[in-house]
Amino acid sequence: MKIATEKFGEYRNQDVIKYTLTNDNNVSISVLNFAGIWQAYMVPNTRGGRVNLLLAADTFDPYIEHGSLYAGRIIGRTAGRIAGGRFDIDGQSYSVPANEGDNLLHGGANGLSQQFYQVETKQDADQAQAVLTTSIDSTTDHFPGKEDVKVTYTLANDNSVTIDFDGQTDSKTLFNPTSHTYWNLSGEAKTIQGHVLTLNSTYHLQLDDEKLPTGKKVLNKNTPFDFKYPTVLGTALQHLQEEHNPEGGFDDAFVVLPSNRLAHEPVAVLMDAATGRKIKMYSDRNGLVVYTANGLQVPDYNRPAGSWFAIALEGQTLPDAPHHPQFGDIALRPGHPEHFQLRYEYFA
């Protein structure tokens, strides 16, 4: 195992540092101290080189210029949308400034996706880690309470990557983080239409015109949302277009069966049919937002500008849970720290 650091840029008068963890198989991941950005997941190809499985930029500026993509960022305190930026915890009402129309998106304008992190690296014979920590309070993001957050990236010698999220607070607040990583396993300038997606999901959420859940779960079977069995994304996208989908692709929340010790099944499996590269994704929560980068106009990244050149798979508790208690409880309370995990297993 090896760990390297280098300056990647500057922002807000601070150095942006890239931490690269490399295992014994020449597989590596790179993480930034700003926003906890997962910048690279490099794997060997058949030509003696390596390819990045992630949508990424080779310099820092595009991450700021196209910040609305949230590419690779840690999202929090809350992933997804919260209607009106309002929520209740144990009968107490709170309000956070909206940053998408009338609603709160991805923790707001000053959430975890906008913070610098302290980084500590560790390694042993079998794995290397980058441990990111930060604290955020109401003066920064307007959520109640001071929240201490730790995000641990682990690269193992089996080529898997694990992201652990730990949160604790001094006052009641919310905690539903995710990683907004975009995937394209081809390693080339191809869309994801040739990728094959499988989801451990029977239902998806009905959304209104503001992309907020109505509370209704819709059966996936016999719809473009049916990924119970391996499905070519290009076929599903075509079927979605035939239904006059205004989004131009998927930007939807799927109800998934969490991966746990009793039924350790992935919530998602993504495969590039041309290369055979495959990612199995595990999550211990019940939601997976699938976003096919519709209308992606960012030529500064390692994929061409245009729709469907990457896919985000955002593991989380179902969005807007404070307004739909049946989705789950995302409250974080003093004395009761929370831990969540996302895990990615790579095969070729």
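Glycine too: its Cβ is placed from the backbone N, Cα and C atoms.
Record features (TrEMBL):
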type	residues	note
ACT_SITE	HIS180	active site, proton donor
ACT_SITE	GLU314	active site, proton acceptor
BINDING	HIS180, THR181, TYR182, ASP251	beta-D-galactose binding site
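Within the set HIS180, THR181, TYR182, ASP251 that the record links to beta-D-galactose, no two Cα atoms are more than 14 Å apart, and one pair reaches that distance.
Neighbours of the beta-D-galactose site: apart from HIS180, THR181, TYR182, ASP251, residues of the same chain with C-beta atoms within 8 angstroms of the site's C-beta centroid are LEU55, LEU69, TYR70, ALA71, VAL289, TYR291, ALA293, ALA310, ILE311, ALA312, LEU313, GLU314.
In the shown protein chains, 26 other C-beta atoms lie within 10 A of the C-beta of TYR182 (beta-D-galactose binding site). The recorded positions considered are ASP251, GLU314; of these, ASP251 has the fewest other C-beta atoms within 10 angstroms of its C-beta.
Sequence-distant neighbours of HIS180 (active site, proton donor) (same chain, 6+ residues apart, CB-CB distance under 8 A): LEU69, TYR70, ALA71, GLY72, ARG73, ILE74, ILE75, HIS106, SER113, ALA312, GLU314.
Under the DSSP three-state reduction, THR181 (beta-D-galactose binding site) is assigned to coil, being neither helix nor strand.
Other Cβ atoms within 10 Å of the Cβ of THR181 (beta-D-galactose binding site), summed over all protein chains shown, number 29.
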